[in-house]
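Copied over from TrEMBL:
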DOMAIN    26-133  domain 'Calponin-homology (CH)'
COILED    410-437  coiled coil
DOMAIN    525-852  domain 'Kinesin motor'
BINDING   GLY609, GLN610, THR611, GLY612, SER613, GLY614, LYS615, THR616  ATP binding site
COILED    866-893  coiled coil
REGION    936-959  region 'Disordered'
Amino acid sequence: MSLSADAFEPMSKSDGEAGAALAFVPKQRAILVEWLNSLLPNLSLPMNASDEELREILVDGIVLCQLLNKLKPGCVTEHGGPAQSPESRSENVKRFLATMDQMGLPRFQLSDLEKGSMKMVLECLLTLRAHFMPNARAHHHFGGHSTNQLGSDGSTKWKLLGDCFRSGHGVHKCSSFQHASHSPVMAEPSATTKHHVGHKFHEVFQLKHGRYADLPASKISEMMKSNSLDNAPTQSLLSVVNGILDESIERKNGEIPQRVAGLLRKVVQEIERRISTQGEHLKTQNNLFKAREEKYQSRIRVLEALATGSNQESQVVILALPSVSARPQFLLAANHATLRLADLKESVLLNEQSKVEEKRNVEEQDPVRTIKEQDDFSHEITALKQELEVSRKMHEEHCLQMETEGRGVQQELEKKLKEVMNFLAESRNRVKELEALSESKSLGWTKKEHIYQIFTEFQLGALRELRFASQSIKQEIVKTQKSYSEEFNVLGMNVKAMQKAAQSYYAMLAENQKLHNELQELKGNIRVYCRIRPFLPGQREKQSSIEYVGENGELIIVNPAKQGKESRRSFKFNKVYSQAATQAEVFSDTQPLIQSVLDGYNVCIFAYGQTGSGKTYTMTGPDKASEDEWGVNYRALNHLFQTSQNREHAFSYEISVQMVEIYNEQVRDLLSSDTSQKRYPSLCSQPNGLAVPDATMYPVKATSDVLHLMDVGLKNRAKGSTALNERSSRSHSILSIHARGVDQKTRSSMQSSLHLVDLAGSERVDRSEVTGDRLKEAQHINKSLSALGDVISALAQKSPHIPYRNSKLTQVLQGSLGGNAKTLMFVQLNPEVNSYSETLSTLKFAERASGVELGAAKSSKDGRDVRELMEQVASLKDTIAKKDEEIERLQLLKDLKNVYPGANNDTNSLRPWNPSNADNLQRMTDMSDICVSLGTEADGSVERSPLAEGARRSENIDK
């Protein structure tokens, strides 16, 4: 049997696999690679090159440009940029694609070459090969069967027909060819599937050494599986049959083992099945050829009708689109298509008839050749389908382009027509407007004429009425004169009453001020307000040491570490604010003291408590605070300016501001631009209430000026972060507002000061975890607060000696604590349980402060003569203070000589301090305190001081 093994290959069951096999078989890839190596020998591509290898060679575009230059020298230039740059790659590929467009050949997309399927790229290269090698067209369409002249003629015919379709005439779907291409007879398994299955079967059926009779039973059972036999190539099956028959001939007895005989039977059955299947396919193919002949005849008739009607269609197109007649490309394409159809009509008819007869003869003569031609026809149909698809797409694009141009021309004409219609409508409207305007003007003149007539008649009537009105006015004037005289008499009596009331106004104002200050004095000189800080949002501990807050100042705290009565402590103050109290509620009880400042009294408000208890929040408020979040400082200043503006008809005020801080026992000016560490002596004996007279003082006119200065001071204030407080104040801040008022009636003047003190918080070093500079700051803070506690205790016990000199803080606050000022202390409490000890010590300090009796505060209001005398007294006190400092220095040197007899007058030669001299050093410290506390004792007396006489003279002058 001379049939080829390929004739019995199993047919594919799916049209998709058939399309893939027809799209690109390995034989076509090998032909393309061989052609590329022949044109460009330096490529050296392997015959079985993969898609990725071909992509790597072609992606930069250089090989594509070289290929075109080989086929058509000088048609494209390579990009001169770096070979690896993306710009040069895309530029070379774009030039190749542009050349393909100029040649009218199908092309691929740039994305297909970079990362898409290589199918379109390889098809494009095969089309290029077929274009420049006409004899290779059959290879492109039928996988290398170039000797088949029928396939070549069919390809040429349908390519011409595709060109005719591109010209825009006679678009047909060719459904018969599509149906034929998708029939089971024309289908063929994909190259990838055949290769995979054949390779697998070859591995199973390959007999490297020995005979089939020597194969084990497992190997033969694996070979007899239905999947292996069904998918095996026919050539492999025939090789198995030939091998078994050769072995039986070689055997002497000619016997075949049973398992090998079973394998032979299976293989022969599979071959018989395939032969019968191919017979059925041949019958189907004959029927298909008959149907194809009828389709060819119908197509020929269509082409004849197309050729006869092309001229009429061209005329219709030209008449339908007059605007397109100026486009020579369109007319040239239409005429060209008409000529092609006319030339093809006869040649296609003759070729089709001869080919159909030849096919019949060939089918009857050789079935193997028929099967091969069947494969060639399937390839031809696939190629024709692709060409028809390309032609259809090009025709659709051309139609879309023509439709777009037609729509553009139509839109332009419609636009011009609309413009003309609008202009016509506008002209008509304008004519109507002019007619209406002329009519309205004529009506207007008529109305004006009528109005003028009415107006003249009205004026005549008005003149008559004016005559009567003038007579009545004369009578009314006489009556008005009489009534005015009576009203003037009543007004004079009212003015006298108002004059008496104005005379008594100043007396009533003075009485109100006196009663207001007496009321404030009845409440106590040092008032203690207690405020409990709420829990912060980030704190997890919610157990509070505050058990009860009364409305009348009662406060009870509880110690969770103890049980019974010992765990509770009760206190009584002027006012206790709960955790829910607002800034406005806190200031409402402080507001009466602010009014006393404008009445001539010194007022001091300070906050005391441990670090992180909310002192700065109460006095100042948070950073960038809104008006509702303002602290006591901002609200006090706002109220001060409002009150001064309300009294401006009776008093004129001049207000100035100072702001200092006590940092590490050094007084620093927060408003000074000088950053040097200048020392400021604190003198509390100034008549104008200046505690630090050398500090910078700024006059202010409104609350905004003070707020600006406070912001400057707060930025310059020393702050730091500790374990207990993220923005802990590391210094004592003192904001002093000095007011000078003049009575506009009596010209008497008064001076007063408002001191707003934000103390730094006391802290335990073990809890705040401070080190270095922060530890030094904490030590100075605790020392100054301890000195303040000693002063409060001495004042509460009415001790004859008050230790103001122990700290800069007590020296600055001496004027406020010494009896000439109204003092208010805010006690800030931390409700956390672990801060119970600090809370208890703070409340004890506040309890001592609430028991201090400083006597009645004194107003600094005086007349002009008294003011001059006070200035003289201030000058004398300055002189006395300088003398006191000199005497103190000399006394200290004298005491040191007594302690160290061997020391000379040079203080630099003093020996180091010895703990055995602690008693003498304490005695010198007490003496220093006594020397500088002249006129500051609670009862006004001076004890153990060599300057007692000078102090008494000063007091007599003051009185």
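Just so it is clear, glycine is given a Cβ too, placed from its N, Cα and C backbone atoms.
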If one takes Cβ-Cβ under 8 Å and requires six or more residues beyond its ends, the residues near the coiled coil (410-437) are none
Integer average pLDDT (0 to 100) for the coiled coil (866-893) | 76
State the count of C-beta atoms found within 10 angstroms of the C-beta of GLY614 (ATP binding site), not counting that atom itself.
-> 20
Mind tallying the domain 'Calponin-homology (CH)' (26-133) by DSSP state, helix then strand then coil?
-> 69 helix, 0 strand, 39 coil
Run through the Cβ atoms and count how many others sit within 10 Å of the one on LYS615 (ATP binding site).
-> 27
Within 10 angstroms of the C-beta of SER613 (ATP binding site), the count of other C-beta atoms across all shown chains comes to 28
